[in-house]
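Data first, discussion second: the structure below is written as C-alpha cells.
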Amino acid sequence: MEPQRSPLLEVKGNTELKRPLVKAPSRLPLPGSRFKRGPDQMEDALEPEKKRTRGLGTVPKVATSHPRATVLTTVPQTQGQTAAPKVPKKTGPRCSTAIATVLKNQKSGPAVPAQKPGTAAAPPMLVGKKPSKRPAWDLKGQLCDLNAELKCYRERTQILDRENQQLRDQLKEAQQQATALGAERRTLEGELARVQAEAEQGQQELGNLRARVLELEERLGTQEALVQELQKEQLGLQEERRGLAARLEEQERKLQTSEAALSGSQAEVASLQQEAVAQAALLAERGERLHGLEMERRRLHNQLQELKGNIRVFCRVRPVLPGEATPPPGFLLFPSGPGGLSDLPTRLSLSRSDERRGTLSGAPAPPTRHDFSFDRVFPPGSGQDEVFEEISMLVQSALDGYPVCIFAYGQTGSGKTFTMEGGPGGDPQVEGLIPRALRHLFSMAQELSGQGWTYSFVASYVEIYNETVRDLLATGTRKGQGGECEIRRAGPGSEELTVTNARYVPVSCEKEVEALLHLARQNRAVARTAQNERSSRSHSVFQLQISGEHAARGLQCGAPLSLVDLAGSERLDPGLALGPGERERLRETQAINSSLSTLGLVIMALSNKESHIPYRNSKLTYLLQNSLGGSAKMLMFVNISPLEENVSESLNSLRFASKVNQCVIGTAQANRK
C-alpha cells in the first residue's frame, strides 16, 4: 500500500519545480511571514503532519525552537527498536534549548550505508550524508536535508517489506508442511490404535474359543450321559404307550356312550329352554302382579292411616329424673281399655288438688280428676323403640308419596327434644324419632330398589326464633346469619316452599344424618329459664324431601317429611327468666305462644273446612303449610311432665292436644306424577 504523501514532499516538489514556496500547500511558515507567526502557531501548523506519519515507524519528530524558524529532526529506527520519545510541546527559551539539543544529537550520529536487498543479515541504519551545519535561518536547506533522509527511509521500508513478505511466504509454507505432517501423524496413530484393537480382539476371541472348546467337551460328556438316560426312558415310554393304547380303546367306548347320553341331554336342554321362556313370562307376569300388589299395599296402607285419622295425637309422659321429687300416688293414672291390660293405653287421668278450696266443715276439698283420651298414650316406662314402632307406618306413608308432619308439643323440660332427637352419647337405645325415621326410610328404599324404584333424599334443618328463620346447618362465616333466610316459593306457580340461603344437603346414610343433627344441636338457640337449664327457645324444623322414580314404568312420587321440635309452651309467669335478660325472655315467650296459637288456629280452620287458612300469621305455619293441609298426614306428640309442680302447664298442654285430637282433616292424596 502506497504511503500517504506528506506536506514535506509537497514542499520538496515545489522546490524542484522552481515554484514559489508560498504556493505550496505546506503548513510551514514562509520566509516572508516568519515574524507573523508565533511558536504556538508554528507547532499547530505541523501537528496534523505528525498525526498522519505516526503509524509508519520512521516518523520524523518536529520541534519548534524559536518564533522565527522551525527546526525539523528525524530520529532513525532499526528493526525491533522503538521510536524516539516524543518531545513535548513547549514555547519560550526552555523549548528552544531542548529542540537544539535534540538536533545536535541527531546530527552527531554516524551514518550507516544501506544493505542490499535479499541479504539475511539485519540491515544497518541508513543515515544521509552528514550535512554541514546550517544556520538557523536556512530553513530551505534544512528541509532539503530532511527530504533526503525521508527518501532513504522509504527505500529502507521497501526493502524491509520485501523481506517481511518472503518470511511470511516461508512461514506459510512451513505451516502447510506442519499441517500435512500432523494429519499424517494422526492417520498413523489411528491405524496403530486400530491394529492394537484388532490384536486385543483377536486375543479375546482366542480365549473365548478356548473356553468354548472346553464347554463343548463338557456338554458332549453330558449329552452322552443324557442319551443313555433317554434310551432307558424310551423303553419305559414304549411300555407306557402300549398301556395308553389300551386305555384309548376303553375311552373310545366310553365316548360313544357319552355321545348317546349327550343327545339325550340336548333334548333335555331344549326342553329346559322352553321352560325358561315360560318362567320368564311368568316372572314378568308376577312382576306386574307384584307392582299391582305394591300399589294396592300403598292404597290399603293409606286407607289404614286414614281410618286411624289423618291427624293423630299421642301423649307421652317422661319419667322422673334423678333428683326430682316423686309425685304422690294417684297423681297420674293410665286406665286400661275395654280389652283390659292387653289393650294399648289410650287414656290418661290427672289429679289436681287445690288448697284454696275447702268444704263447709273446714276439711280440704277432694282432688279434681281430669281425664283425657288420645290415639295412644305412652307411660313413663315406654322406650324410644316402642314410640317409633307406633309411627313407623306413618313414616312409610312419606315414602309412598304422602306429606307427613310429626311435631312434639309441650312445656319446657317435658322431653320434646329427647323424643325427636334422642339423648346424648350416641346410645342406640335412646335414639330419637329423626335418626330412626331416616334409618327406616333408607332400609325401605333399598328393598324397593329390587322392584325398580330409586329414591333420593335431601335434608334441611332450620329454626324459627322470634319469628326469624335461621339455618341450623350453617357452617363457617354463615353461622349466626339465619336472619337472612326467607320462606319463598320454589318457582312461579309452584306450590313447593323453600328457605332462601339455607343449606339443602343430600343424604344417603345414617352417619350423614348424625353429623347434621350434631351440627344443628350446636347452632340451636337455647337459654336458661326457670323450668330448664337448657331450654329450647325456638322451633326446630327438620325437613326431608323424598323423591322416588320408577324408570321402567315412568312413575314418580315425592313428598316432604317434616319432624318439628316446638319451643316450650309454658305461660309467661312460670317460664319468665330472672336477671338482666328478663325483657328478652319475655319477648321470646310471647313469640313462642303466638306461633303455637296460630298452629292451633290453622288446625281448627282445616278441620272446619274454612275458605281462609291463616298460614301466614306465623313463620312456623307458613313453612309447614304443605304438610298441614288436606293432602297431608299429621301426628302430634304432647309431652308432659310427671311432676306435681308442673300440673298447671301439663293441663294446658293436654287440653290443647285434646282440641287437636278432635279435628278431622280430609282424605290425603299422594303426590304422584
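In case you wondered, yes, glycine gets a Cβ from its N, Cα and C as well.
Residues or ranges marked as ATP binding site by TrEMBL: Gly410, Gln411, Thr412, Gly413, Ser414, Gly415, Lys416, Thr417.
According to TrEMBL, the feature coiled coil maps to 150-310.
Positions annotated as domain 'Kinesin motor' by TrEMBL: 310-663.
As annotated by TrEMBL, region 'Disordered' applies to 1-69 (among others).
What TrEMBL records for 107-133 (among others) is region 'Disordered'.
Residues or ranges marked as region 'Disordered' by TrEMBL: 352-372 (among others).
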Practice item. Tell me the Cβ contacts of Gly415 (ATP binding site) under 8 Å, same chain only and six or more apart in sequence, or just say none. Key: Arg316, Arg318, Asn639
Point to revise | Entry from the binding-site residues list Gly410, Gly413 having the most other CB atoms no farther than 10 A | key: Gly410
Review point. Between the binding-site residues Gln411, Thr412, Ser414, Thr417, whose Cβ has more other Cβ atoms within 10 Å than any of the rest?
Key: Ser414
